[in-house]
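Note sheet for the following structure.
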Amino acid sequence: MDIVILAAGCGSRMCSTTPKILHKLGNAPIIKHVLQLADELRPKRAVIVTNAAVNGPVAALAGEHNLRLNTVLQGEIAGTGGAATSALQALKNPSEEIVLILYGDTPLLDKATVCHALDRLSSGAKIVLVAFKSENNQYGRIVLGSSGNVLEVSHGRDTNGLAVSGAIAGYRQVISGLLGGLSCRDGELYLTDIVQSAAEKNVEVGYVIADERKAMGINTRADLAIAESYFQCMKRASFLQSGVTLTSPDQVFFSIDTQIAQDVIVHPYVVFGAGVAVEPGAEILSYSHLEFCHIKKGAIVGPFARVRGNSTIDRGCVVGNFVEIKESSLGEMSKVKHLSYLGNSTIGKNTNVGAGTVICNYDGRNKQHSDIGNNCFVGANSTIVSPIKVGDNAAIAAGSVITEDLPPRSLGIARSRQTTKPEYKTRR
């Protein structure tokens, strides 16, 4: 099977300078979801039709997958029919009979639905549409004959009949031949017009029925919001089924690549940004925001914690309230419980970082790195001016501003000595 992805539309109804397929769904561009589906289907070849505005970003996203993806620009003929023609021409020396055409703005279509359509091909149909029930009048509708055969796809504003998603599976030679016979409407070729042409030539057209939420296209911000809501519902259901505890599922938000193992507990109002993996037994408390980080077994994060920038929280660690960790690693059983910022640092095992500790990692031009060893104690309200190395079993006195390395088992004190004036209040 070969796959064609049509992603050259301008998306003017999004009212945005950002191309439609690059808007985010599940914290990833819409088109990434379609590329992920294509990757799961393991086609022999794949072609994506884009425009100049998205060609570079799409090529970069395609590189994240194992697809043999050929990117071509929309040809002179506008419309989905023109795009499909350009794509099929790019698939030179065809070796596959079947071609699957996907739309770049239909991100939630799943493998099961596509496989159902492909199975329908094997039962006699030459072209198979993906249809769904919808009250939304923006979609084309399947028109059936008296015997139940597909006659055409109507583009009126009514909501009678099944809507079509645009995705089509079929035999390459059949689709190519039908595309070649289409006429332009309003200066464009419409891919769905091949349905009427097929019916006129007694070519059997079938359809499979999908869930509207999976088959919907995204054309407006409202559509994007609906798709995001359903994406989150699917993610929540998947994690609950796999053994993750979500104490209030509707208040937890995931990304396309979120990985959470069984026996993790997630409390309300947690946001998982891109690139997060959480190992078994960890607990994420409310109002925490995680992105590009690895939370290992038994760690506790939050509430009100932010972990980001390729950070690692090791086994049994505690990251408490109002703590931010960026581009840092926290060793096994270490704790940073309150009101702290750790940036560009490596913290060893069994180290305690006191409340209000700040690692000053930016010198005005570059980020600097600090290392704190195993079994260290960092007193409250300490400031560590990177780059600093603190040896194993060392301690930093509360309120210190550390600007020099500390050898193992040493105590660093960097603050003014206290002055006490007896009876000061009485004299005044």
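Cβ coordinates come from backbone N, Cα and C, glycine included.
Swiss-Prot lists HIS338 with the feature active site, proton acceptor. Residues or ranges marked as UDP-N-acetyl-alpha-D-glucosamine binding site in Swiss-Prot: 6-9, LYS20, GLN74, 79-80, 103-105, GLY140, ASN219, ARG308, LYS326, TYR341, ASN352. According to Swiss-Prot, the Mg(2+) binding site annotation covers ASP105, ASN219. Taken from Swiss-Prot, the feature acetyl-CoA binding site applies to ALA355, ASN361, TYR362, ALA398, ARG415, supported by sequence analysis. According to Swiss-Prot, the region 'Pyrophosphorylase' annotation covers 1-221, on the basis of sequence analysis. Residues annotated as region 'Linker' in Swiss-Prot: 222-242. Annotated region 'N-acetyltransferase' per Swiss-Prot: 243-428, in sequence order.
Separation of the C-alpha atoms of LEU6 (UDP-N-acetyl-alpha-D-glucosamine binding site) and ALA398 (acetyl-CoA binding site): 61 Å, rounded to the nearest whole number. Of the listed binding-site residues, namely ASN219, ASN361, the sparsest Cβ surroundings within 10 Å are found at ASN219. With the fewest other C-beta atoms within 10 Å around its C-beta, TYR362 stands out among the binding-site residues TYR341, TYR362. Sequence-distant contacts of the region 'Linker' (222-242), counting only residues of its own chain at least 6 positions beyond either end whose CB sits under 8 Å from a CB of the stretch, comprise 14, 23, 25-26, 30, 107-108, 213-214, 216, 249-250, 252-254, 258, 260, 262.
Residues ALA355, ASN361, TYR362, ALA398, ARG415 are listed as the acetyl-CoA binders, and the farthest two of them sit 22 Å apart at their Cα atoms. Note on the region 'Linker' (222-242): DSSP counts are 20 helix, 0 strand, 1 coil.
Here the binding-site residues are GLY9, GLY79, GLY104, and the one ringed by the most other CB atoms within 10 angstroms is GLY104. In this structure the C-alpha atoms belonging to ASN361 (acetyl-CoA binding site) and HIS338 (active site, proton acceptor) are separated by 19 Å. Between the CA atoms of TYR341 (UDP-N-acetyl-alpha-D-glucosamine binding site) and ALA355 (acetyl-CoA binding site) there is a gap of 10 Å, rounded to the nearest whole number. Within 10 Å of the residue listed as 'active site, proton acceptor', counting CA to CA, the binding-site residues GLY9, GLY104, ASN219, ALA355, ALA398 contribute ALA355. With respect to Cβ neighbours within 10 Å, the binding-site residues ALA355, ALA398 differ, and ALA398 shows the lowest count.
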